[in-house]
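Novice: Input: one structure, supplied below.
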Amino acid sequence: MSLKSERRGIHVDQSELLCKKGCGYYGNPAWQGFCSKCWREEYHKARQKQIQEDWELAERLQREEEEAFASSQSSQGAQSLTFSKFEEKKTNEKTRKVTTVKKFFSASSRVGSKKAEIQEAKAPSPSINRQTSIETDRVSKEFIEFLKTFHKTGQEIYKQTKMFLETMHYKRDLSIEEQSECTQDFYQNVAERMQTRGKVPAERVEKIMDQIEKYIMTRLYKYVFCPETTDDEKKDLAIQKRIRALHWVTPQMLCVPVNEEISEVSDMVVKAITDIIEMDSKRVPRDKLACITKCSKHIFNAIKITKNEPASADDFLPTLIYIVLKGNPPRLQSNIQYITRFCNPSRLMTGEDGYYFTNLCCAVAFIEKLDAQSLNLSQEDFDRYMSGQTSPRKQEPENWSPDACLGVKQMYKNLDLLSQLNERQERIMSEAKKLEKDLIEWTDGVAKEVQDIVEKYPLEIKPPNQSLAAIDSENVENDKLPPPLQPQVYAG
């Protein structure tokens with residue numbers, strides 16, 4: 001039925017103003033002829049369709065990255081051509097993806113503005129042109145496979161994570177503290193959104209946050225670990241020099257309840273040192289914390305075997321200090337700062353990882369401030385040990401137990417021999433310096449005596465006399481002289 005009304009002499013067919021979907025409500029030209037309810041439904045369908053397409057695009061891009069990398073390994077000559085085509089295709093698809101996503105979430109695009117979209121399409125992210133490493137590719141694939149089990153929530157998480165990485169790319173000029181704050185805010189916002197909107201259980205939220213941290217920090221590692229804008233490298237060198245100077249510290253000085261003469265305990269100590277050194281090879285803060293945790297558990301086992309009873313916190317910290325002194329982990333301060341800045345805060349504030357990390361920070365602070373009183377030594381002995389003039393006395397052979405390890409005995413014997421050689425070398429160097437000083441003084445004395453003699457008896461150089469005339473210069477008849485005598489040979 002066609003409804004007509006008359007307004008100001010203009011006849012309007014009101015059926016043309018109804019919703020295009022035929023629900024009976026009036027449509028709105030700004031909503032493409034739909035009513036508000038139908039427009040929301042159509043918008044929701046289109047948005048879900050676009051999210052699904054973006055998810056499929058991400059998977060396809062990941063597969064193409066793997067294929068391109070594999071082809072580059074098999075055919076070195078065709079690498080540049082293949083990879084350039086792949087990158088061009090990837091850039092175009094990524095540009096379309098960014099433009100389409102902004103259509104749904106940008107207010108200007110909903111009212112029909114196209115200028116911003118064209119500018120976005122002309123300026124793809126520089127991170128697209130960066131070839132990722134093998135480890136980054138592996139972590140990306142694992143992250144996508146992990147999020148597939150969460151369906152819609154996984155798609156939202158992947159999109160938020162990609163947007164965060166793009167944002168961090170343009171924030172590299174900020175200070176490391178500001179970048180750390182951005183990362184911590186991202187962790188908190190994602191966790192809260194999953195708990196409030198997604199109704200995700202706390203246990204699953206923790207697992208998801210671990211995977212998010214692994215994915216983003218693997219990509220950001222080379223930009224945020226020990227950056228040039230900080231003094232982390234300077235602190236690393238200072239703590240390494242400090243630990244090298246404290247090489248003479250013994251377990252007895254620290255009251256370490258560990259007996260390394262027991263082979264099983266010695267193995268535990270070696271494993272603990274290996275774990276604390278391995279921390280520097282990890283990229284993800286959670287993996288670095290895992291190395292600290294493994295190291296700490298080996299320490300607890302070593303104490304338990306030595307004492308035949310469970311270890312206490314009072315036993316653990318001195319042993320951890322001893323392990324750090326023996327291992328001298330590389331870039332120790334940089335790793336501690338990296339974990340503090342970019343690790344998931346919930347992991348540092350709770351659980352055994354946070355406890356062991358706190359103890360490691362305390363151990364480093366103790367080493368930096370270690371003095372004679374801390375080791376129950378006199379200041380004189382402490383200074384001589386620090387300067388390398390002498391070293392603490394080792395255990396005498398007659399005091400060793402019968403079941404002591406032969407390797408440990410030989411090690412102490414060699415250390416004693418090295419100590420004796422060091423003392424001999426110190427004496428030789430002292431005498432050599434004294435001899436050098438005497439030679440310098442003797443040289444200066446001789447030079448002074450010579451100077452005094454020269455000043456007392458100055459050298460006078462007289463002008464040369466006139467040349468004397470030749471003896472035969474006045475003999476004008478020299479051409480009438482007889483010939484010179486010839487040598488005569490007489491037969492014997």
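Each Cβ is built from the backbone N, Cα and C atoms, and glycine gets one as well.
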Novice: Which range is it, out of 193-217, 318-342, 468-492, that shows up in TrEMBL as region 'Disordered'?
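Specialist: Result: 468-492 is the stretch TrEMBL calls region 'Disordered'.
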Novice: Please find, within the list 66-85, 106-125, 226-245, the residue stretch that TrEMBL describes as region 'Disordered'.
Specialist: 66-85
Novice: List the helix, strand and coil residue totals of the domain 'VPS9' (233-376) as derived from DSSP.
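Specialist: Going through the domain 'VPS9' (233-376) residue by residue, I get 111 helix, 0 strand, 33 coil.
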